[in-house]
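What follows is a short report on a single structure.
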Amino acid sequence: MGEQPIFTTRAHVFQIDPSTKKNWVPASKQAVTVSYFYDVTRNSYRIISVDGAKVIINSTITPNMTFTKTSQKFGQWADSRANTVFGLGFSSEQQLTKFAEKFQEVKEAARLARDKSQEKIETSSNHSPESGCETPSSTQASSVNGTDDEKASHAGPADTHLKSENDKLKIALTQSAANVKKWEIELQTLRESNARLTTALQESAASVEQWKRQFSICRDENDRLRSKIEELEEQCSEINREKEKNTQLKRRIEELESELQEKETELKDLQKQSEIIPQLMSECEYVSEKLEAAERDNQNLEDKVRSLKTDIEESKYRQRHLKGELKTFLEVLDGKIDDLHDFRRGLSKLGTDN
């Protein structure tokens with residue numbers, strides 16, 4: 001009833017893998033409530049988180065603890081009493097900052113509470129033994145001195161006065177012995193308390209060294225995790241590039257499939273056409289035979305054409321020769337005609353003369 005929540009938030013809870021001390025193991029399947037609690041009776045602070053009926057965080061905050069931000073939305077702290085490292089993943093950087101600030105505030109309050117308790121213990125250990133030791137000695141001294149003085153100064157009084165004085169001394173000695181025993185018990189208790197405090201301080205020193213080593217391990221682990229995160233980011237970028245390549249390949253595959261369908265259609269057409277290939281082959285053979293016959297006919301015609309060309313050349317030659325002879329004949333004929341005209345004119349002249 002003396003423990004009340006002072007700050008509450010929601011986060012994903014993780015714990016370090018106890019076997020590897022490297023990997024994080026989820027302690028909750030989803031974001032759960034994480035709260036700071038203050039115990040008024042013990043003057044202590046705790047971080048508590050419950051997932052359903054299971055307590056996944058129960059960490060008492062000490063001044064030696066440190067909350068470390070490992071990313072924009074993730075932080076962690078080591079708990080030596082629980083022998084583990086807790087990690088919290090937040091939905092925003094603002095929530096992480098508020099949680100870290102509250103952790104530092106609670107850690108400072110725990111340190112002040114520890115210093116006050118140590119001051120009280122030191123004060124009680126410094127003053128109680130002195131009062132316990134001085135009081136019995138003074139009482140014993142006064143009691144003994146009083147007895148010697150009374151023996152020296154009242155050596156010869158009445159017995160009744162001596163008895164009363166002896167009774168007083170016995171009572172004083174009894175009370176002083178009881179006080180001595182009580183102070184011895186208190187002194188032993190204080191010594192035991194000091195021994196426990198010394199042991200606790202030694203354990204605290206050992207815990208500090210252990211926490212330092214744990215902090216060094218956690219820091220190395222954080223560096224490794226940062227490098228791992230960078231590698232994962234690079235792998236994610238590579239995965240995105242591979243996804244783009246896969247998308248391009250898918251599109252290319254779809255194009256090839258469409259082309260394949262077209263080729264299959266063409267193949268079917270070719271298969272249909274191949275069914276008429278024998279007929280076409282027979283027709284080709286028939287056409288080839290016709291072509292060969294035509295070529296033979298053509299060859300014969302070419303031979304005839306060459307013979308005709310030869311005949312034509314010979315006829316042309318004969319024609320030219322005949323043209324020359326005709327020309328010569330015409331020239332002779334012209335001469336003869338001229339002679340006949342001359343002869344006619346002579347005859348005409350003779351007729352006129354007669």
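Even glycines carry a Cβ here, placed using N, Cα and C.
Note: TrEMBL annotation is automatic and uncurated.
The coiled coil annotation in TrEMBL covers 173-318. Residues annotated as compositional bias 'Basic and acidic residues' in TrEMBL: 111-122. Summarising the annotation, TrEMBL assigns compositional bias 'Polar residues' to 123-146. Residues or ranges marked as domain 'WH1' in TrEMBL: 1-110. Taken from TrEMBL, the feature region 'Disordered' covers 111-163.
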Worksheet item: What same-chain residues lie close to the compositional bias 'Basic and acidic residues' (111-122): Cβ under 8 Å, and 6 or more beyond its ends?
Response: 43-44, 62-63, 193, 197
Fill in: pLDDT averaged over every residue in the domain 'WH1' (1-110)
90
